[in-house]
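**Student:** Have a look at the structure that comes next, please.
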Amino acid sequence: MAAVARRGSLSDLGSDSEDSSLSDSELQEAFARGELKPGLNVVLEERPKRRNDADGLKQCLAEFGKQLAWVERLDVTLGPVVDPVAQGASSTDAVDPENDFQREMSFYRQAQAAVLEALPRLRKLQVPTRRPDDYFAEMAKSDQQMQKIRQKLKSKQEAMERSEKAKQLRAMRKYGKKVQTEILQRRQKEKKNMLNAVKKYQKGLSDKLDFLDDEQTSSQGNKKGSASQRTKKGPNAKRRYKNQKFGFGGKKKGSKWNTKESFNDVSSFQSKVAHNKGPGKARKGGKKALNKRPGKRARQKMKNRAR
């Protein structure tokens, strides 16, 4: 109430009451009696008179206006061009402002009419209306800004490529895990079947050993498959260099082992040599005498001679 009273104006209290400072209680009592009116401190009963200075406005307009040639102004004021579909000029009253299509078509036909009017006048004034082939326009954005845009586009493209590679890797890992699980399941199944067959054989429920042949054939097939894969892939650069330097060699381990054929072959057996009855029997110890190691004193003498 006090705030409203302070903002109010004193209408009937007189000019003396305006200058004197009133307390809050007095203002509240005046507001209750209706002596205060909301608004400005001084209420103006009459509105200020508005002036319509037409001569002054025309003078300002004449000062602003410049008598320039049309080629400098390029202003064309025309109505819309004739609509060939409607076969008649569409007036502005016929266009529904709420219809977006009609409104945009009206703008388009009006711009088309302005172009049809302005182009012949420009050609008459020998003003070029087409852009030359070697036209160069400076870009609105600076080179630094364009470089930032290029870097951002490049980073987006790299991010997309990384995401695609990650998707491919995930798909490959998923497929590899699937294949690995299938192989492990197959091996477990084969192992389980073989153990069941062995148990049956041990208990005397079966007298067949076909599961051993199946295991051998499967292992041989795996070895052949891996060998074919290696031959298809070919040796690496390190292996090729060693083959070129040392030769291909061959199997070293187990090369002196007997086989079934060599064990049964006795054509090269010589009884005299085997029983020490040959020409070397006069020697003491036979072949072993040839490979006898010299004694310690003999070795010491040999070292002293070499010095």
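Cβ atoms are placed via backbone N, Cα and C, with glycine included.
In TrEMBL, annotation is done automatically, which means it is predicted and not curated.
As the structure is a computational prediction, the values presented were derived from the model and not from experiment.
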**Student:** Give the range, chosen from 50-75, 76-101, 154-179, that TrEMBL lists as region 'Disordered'.
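**Tutor:** Comparing 50-75, 76-101, 154-179 with TrEMBL, region 'Disordered' matches 154-179.
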**Student:** By DSSP, how many residues in the compositional bias 'Polar residues' (264-273) are helix, how many strand, and how many coil?
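**Tutor:** Counts, helix then strand then coil: 4 helix, 0 strand, 6 coil.
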**Student:** Per DSSP, what is the residue tally for the compositional bias 'Basic residues' (168-177) in helix, strand and coil?
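**Tutor:** Tallying H, G and I as helix, E and B as strand, the rest coil: 10 helix, 0 strand, 0 coil.
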**Student:** Per DSSP, how many helix, strand and coil residues does the region 'Disordered' (154-179) have?
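**Tutor:** Split into helix, strand and coil, the region 'Disordered' (154-179) gives 26 helix, 0 strand, 0 coil.
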